[in-house]
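Report on one structure; see the data block that follows.
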Amino acid sequence: MLERIKDSFTHSIQTKIDAAEALPESIEKAAEMMVQCLLGGNKILACGNGGSAGDAQHFSAELLNRYEIERPPLPAIALTTDTSTITAIGNDYSYDEIFSKQILALGQPGDILLAISTSGNSGNVIKAMEAALSRDMTIVALTGKDGGAMAGLMGTNDVEVRVPSNVTARIQEVHLLVIHCLCDNIDRTLFPQDDQA
């Protein structure tokens, strides 16, 4: 088991090295989109399932509270947190609509949807993207593997950050790092620091 544990660290490190080569430009573009969204008085909605739901909530918490610097709260909503709404929609309609119906109610032109799915094939996240597009929102998608069906929904103004891995755990680990990179870029662009390199 010790070797298996060490292998997990090694594979995680290698996936991050591969991601460091493949992803910086798309992360930078996504962060720039988010900055412009926030400067325009808009908000970021985030969704995902399981660990990706946790990532959506993590991102929202970093914006609403703070990441690493003291600054005013920034508008972000995780669509994964309201159990009454989620269970009502799931019960009365379908699980595939738990995010899309919220987006149709809350999303405005100029808002961004942060759509997170390791496979790119989560039905409710795909429906969320379709709803966001119908509301003239832009999309930042965090995916992995081959991008799945989500990759096919990306428009010219949208950004996909696709982790170069087929292993769900490794993709999730990089998604968290991507979220931290987005938060850091947003903070450092909107609120430059004297010690900024």
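The first residue you see is number 1, and the count goes up from there.
A Cβ is built for glycine as well, from the same backbone N, Cα and C atoms used for every other residue.
According to Swiss-Prot, the protein has these features:
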BINDING   Asn49, Gly50, Gly51, Glu62, Asn91, Asp92, Ser117, Thr118, Ser119, Ser122, Gln172  substrate binding site
BINDING   His58, Glu62, Gln172, His180  Zn(2+) binding site
DOMAIN    34-196  domain 'SIS'
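All features noted in Swiss-Prot, drawn onto the structure.
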residue: Asn49; record: substrate binding site; DSSP class: coil
residue: His58; record: Zn(2+) binding site; DSSP class: helix
residue: Asn91; record: substrate binding site; DSSP class: helix
residue: Ser117; record: substrate binding site; DSSP class: coil
residue: Gln172; record: substrate binding site; DSSP class: helix
residue: His180; record: Zn(2+) binding site; DSSP class: helix
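Reported as a whole number, the C-alpha separation between Glu62 (Zn(2+) binding site) and Ser119 (substrate binding site) equals 24 Å.
In sequence order, Ser117, Ser122, Asn124, Val125 make up the list of same-chain residues 6 or more apart from Asn49 (substrate binding site) whose Cβ falls under 8 Å from its Cβ.
Counting Cβ atoms from all protein chains shown, Ser117 (substrate binding site) has 29 others lying within 10 Å of its own Cβ. Annotation for the binding-site residues Asn91, Ser119, Gln172: lowest Cβ count within 10 Å of the residue's own Cβ, Asn91.
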